[in-house]
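According to TrEMBL, the feature Zn(2+) binding site maps to HIS449, HIS454, GLU494. Annotated active site per TrEMBL: GLU450, in sequence order.
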Amino acid sequence: MVDSQYYLPNEIGVSALDCSVAFHLLSPQEKMYAHYLSRAAWYGGLAVLLQTSPESADIFVLLQRIFRKQTPAQLEQVATAAGLSSEEYQAFLVYAAGLYANMGNYKSFGDTKFIPNLPKDKLKAVVKASQAFQDQPTEMEALWDSCSCLLYSLEDRKKQLGLGDKGISTYFSGNCCLEDAELAQKFLDSKKLSAYNTRLFKRDNGGKTCYEVRLASAVQKDCAVEGECESCCGSFNFEDKEFIVKRGDYAPLMEKVSYYLQQAQAYAANENQRKMLDEYTRSFTFGSVEAHKEGSRYWIKDKGPIVESYIGFIESYRDPFGSRGEFEGFVAVVNKAMSERFTKLVSSAEVLLPELPWPREFEKDTFLKPDFTSLDVLTFAGSGIPAGINIPNYDDIRQSEGFKNVSLGNVLAVAYATKKEKLTFLEEEDKDLFIKWKGPSFEVQVGLHELLGHGSGKLFVQVSQTYCDQPRDWRTGDETWDSKFSTIASSYEECRAECVGLYLCLNKQVLSIFGHEGQDAEDVVYINWLSMVRAGLLGLEFYTPESKSWRQAHMQARFVILRVLLEAGEGLVGLEEVTGQDSKPDARITLDRSKIHTVGKNAIHKFLCKLQVLKATADVEGGRALYDGYSTVSDSGAHNFLRLRETVLLRKEARKMFVQANTRVNGDSVELVEYEGSVAGLIHSFTERFQDEVEQLEADLLELSKRDASCWFPGYKRVCK
């Protein structure tokens, strides 16, 4: 028996993301703009396969070839004849849909590997009986052989993403450890290079350690690009180690991204969009993060566009070291009615910011009012779809030039809907209220989290031997939040933002902006706080006891908040282990709503102040001690969290998967192609998504995968060239 956390259940929820109304309201020019941006996002998103695991790209191509020849309904007859039961065939479809939805065979939320929930010989039988195999038996046999063992492997190191012996990561060659990542970061800082679009490969060069830093770019020549005095590429000696910086990672994919961005330029609405796309194209062509930063500056200036988008190597959650960005790209259409609420929140920001608990000198001198819009997602390419985003992630731009916030309305509408019987760990009397107010309360939390959480607080910067701000030391100008706080940076910042949301949702003005008054407002506050402490308990699913590590930044943050509120005492939060109606272990979590505004607020006030001061002053040692302390999962103390983790795993519900539409040019117009909200619909959407020169695309993916195949396993050696 395989532990259920390593496969996706047959009854997993699948929902279609509806954006038809918003899309059909666009002008022909806007539809063309959205179409070409979507193409760029989808092709760039394929890089995530190569950023996830050694086998993901091969599995993707295997599935694409099978389902291009036969739809799930057509293949079912073949599978039945090959000896699969209906449950086994459904498990195969769920696995395929899961790989597409996560852009790899590790869960985007939690970084745990998932394998097919059917015997290997049954999967092999349906692959061999497929029309794709009949048409190309030699090629399909080779493809199956290249990935079938890794596809099912649950060796300890392969169960989750991680660095060194803690897991698998294709951001680093398999022989890299934490010390290698730290040394590489020092080297990158010394060369004023960002890690966002890089991967690191450690090699042996005649007995001397050699590191290859590979930049994502369409161009593979290591020449200087416009704006560079000299090429950033070349061979360098650093701390008696050789570092080679070269271009060309994901080159065929970056070429596609650049091509479609250039096509989109012809339909841009204004000069800011044109310049933004020009800089993005330069970034993906030459591997220049500086060009991407310049494009982000134009993106910030593009206020209130009808079609909103962002693309690049953005979030660093899945890099075990916390510095390298996963590729993502989204295209979305503004939901005007919902956006009005966020605009009011932005207008109130300067009044709300002083309410935060840290001293005035720890807040930005001037609040740069961002765009804050609610969007209906047309395209979100990457490993998963969030509910809200605050970008860009470049500290220097955010602090001095601004940022944007987006709430993804059609994601919120379906992602967190649940049935009463599936609500775990709550008292019965809380469940109806939870279902009624979960959506509205989460909307408030997302708004506060993104705008005043990620958008607040100052970072002190050292300039030469003096400091541009007081008090105390922070980073040098070349260091970033991610590079300084590395492995805890993402989760620490998510925790800070979540705390801001909890703290400011107590403000009546905030609740009024979102249309909540009187008892309704109090219910929204109660469910927001209850949802957070329940999420902290659910977060235990994403903790790995063997390596004592967390696999998901947001869920670690929520567990930390649960610990803080439990520590506050006075009966604010209750957590007890019980026996469920099915006679299996269960748990109950309670929140005393009468103490939220007193005991709860005071606890978050103190903790939030500590988080901000330690961050602002770059007290890495103090910040790590604080955060690691609350992140500890043990079987001692008032609560046996290791045992509670087993209960959480026993009763967990799989995250929903989303089916996204495609766009297709038909003459002078763009059509929206929609699919049913099912695993078959999700599979169909992907087989129709990549039809441009599909054989070349798949050959490129397989070649990119093959080129580095030997890098991920011990004993790998190759001479640097």
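Positions of Cβ are set from backbone N, Cα and C atoms, glycine also.
Automated prediction, rather than curation, is the source of TrEMBL annotations.
Listed in sequence order, GLY388, ALA497, GLU498, VAL500, GLY501 are the same-chain residues six or more apart from HIS449 (Zn(2+) binding site) with CB atoms under 8 A from its CB. When the Cα atoms are compared, GLU494 (Zn(2+) binding site) and GLU450 (active site) turn out to be 10 Å apart. When the recorded positions GLU450, GLU494 are scored by other C-beta atoms within 10 Å, GLU450 scores highest.
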